[in-house]
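Notes follow once the structure below has been shown.
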Amino acid sequence: MLQVPFIREHKDLVIARLAKRNIDASKMIDDVIGLDEDRRRMQTELDNTLAELNTLSKEIGGLYKSGEVEKANLLKKKTSQLKEQTKELNESLNATVEALSELLYKIPNVPNEIVPSGNTDEDNEEVYREGDIPVLHEGALPHWELAKKYDIIDFELGNKITGAGFPVYKGKGARLQRALIAYFLDKNTAAGYTEYQLPHLVNEASGFGTGQLPDKEGQMYHVTEDNLYLIPTAEVPGTNIFRDTLLNENDLPIAITGYTPCFRREAGSYGAHVRGLNRLHQFDKVEILRVEHPSQSYNALDGMVNHVKSILQDLKLPYRILRLCGGDLGFTSALTYDFEVFSTAQDRWLEISSVSNFETFQANRLKLRFKNNNGKNELAHTLNGSALALPRVLAGILENYQTEDGILIPEALQSYTGFSKIN
RNA sequence: GGAGGAAUGGCAGAGUGGUCGAAUGCGGCAGUCUUGAAAACUGUUGAGGGUCACACCUCCGGGGGUUCGAAUCCCUCUUCCUCCGCCA
């Protein structure tokens, strides 16, 4: 959620930057400013009425004490009028506040200056590429075929137990998953991230805090009996650690990492691009998350990008980094870098990490602030990224490391898997 | 799941209808003293809205109600504690 004072003071900039997302926000911005003016006017009016009421109440108290009951009763009549007024004012104030909030929830974050304009993923800007794309042997297979051939992932079994998009990992496949999780967590903690184990279900307030609710409600599994939601990413419980929090400036930066399964309904997805591990309803992910001083958040973003790079270098997977264009940028993000691994057998790039700076957009909704060294409360910046999302990394490993007599395990993982080949 | 108790400022803890935004202690900050520190003493110390700054308004777990007036009374929800039951 954008900050109203910021909108008021940088109206033109906000509109110009939002245009990168191909939205004309001028009307919404004018409405925000107008509603905010209304809000403040009503608030002042209400405050004055309440002040009058408070004074009268004190007077009445005094009159009762000195036994002047008649005078007191006279004043009481006056208060009932004022009370009626406050009731009305309160109602219109609430209506205005609600209208303002609803509008604010609809406005996405202001893209950073360097975000390219554009509509779709075709307009994303490739900023880096590394790693050789292997030349595969004759008869190389896509990962879902490999999974079957070596009996390490059973998609049909998942269909039976739950439904499409809930694969069962078996034997070395399961062990490789566990190895990846352990390796990612070790790598992240070595880089200064504190490991957390977080709840996999969250309440309404948390879903709201990170912006999944009310808009993307249909993307989460909802446990109606208890009104809880299965997390679509560790970002939700992870970021909500800091909901309604006032930190000290020297608490910053905060860096945490956590492994969680992620559950996504993915309503509306279909076709070849959802085959195999490409798109699942349940998958595993290790997330990194930072709370930063506003002056440091872009350095931190670069740091996160470098960290994810080093993981992919360790795994020796061919990858590229994209700077997302305005049209592809997530609602809450100001700047996002996507990492994609090349899936050789499918001949396409698969997104395996998304690293974003949300600036104050999440913090504002969460009320995540810190007391700066001047004693003023300031919104912190939040950032997060995947390090990494498992299924597509697994797909990348299976496909890129396949040989005629088995799938090799990247060296960096061998101490975690306990084997060096799947065959 | 059943029975009972509780929720107040960073923490502890008073406060059961009116000068209570809230005593007191601890902690934090500033000062005096000291070469420096500790101790002692003095002062200061919640958040949000609003204002150039004041004024002013709101907030004593959340929501609603009674009253001229609520931290204090009523309803409701949530959380925590104790006991019983169940249980990885």
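From the backbone N, Cα and C atoms, a Cβ is placed for every residue, glycine too.
Heads up, TrEMBL stuff is auto-annotated, nobody curated it.
Same-site candidate for L-serine binding, as annotated by TrEMBL with A:Thr233, A:Arg264, A:Asn384, chosen from A:Glu287, A:Glu292, A:Glu359, A:Glu411: A:Glu287.
Local packing around the Cβ, expressed as the count of other Cβ atoms within 10 angstroms, is greatest for A:Glu287 among the binding-site residues A:Glu266, A:Glu287, A:Glu351.
For the binding site of L-serine, formed by A:Thr233, A:Arg264, A:Glu287, A:Asn384 according to the record, the largest Cα to Cα distance is 18 Å, rounded to a whole number. Rounded to a whole number, the distance between the Cα atoms of A:Ile352 (ATP binding site) and A:Arg264 (L-serine binding site) is 16 Å.
Cα spacing between A:Ser353 (ATP binding site) and A:Glu287 (L-serine binding site): 9 Å, rounded to the nearest whole number.
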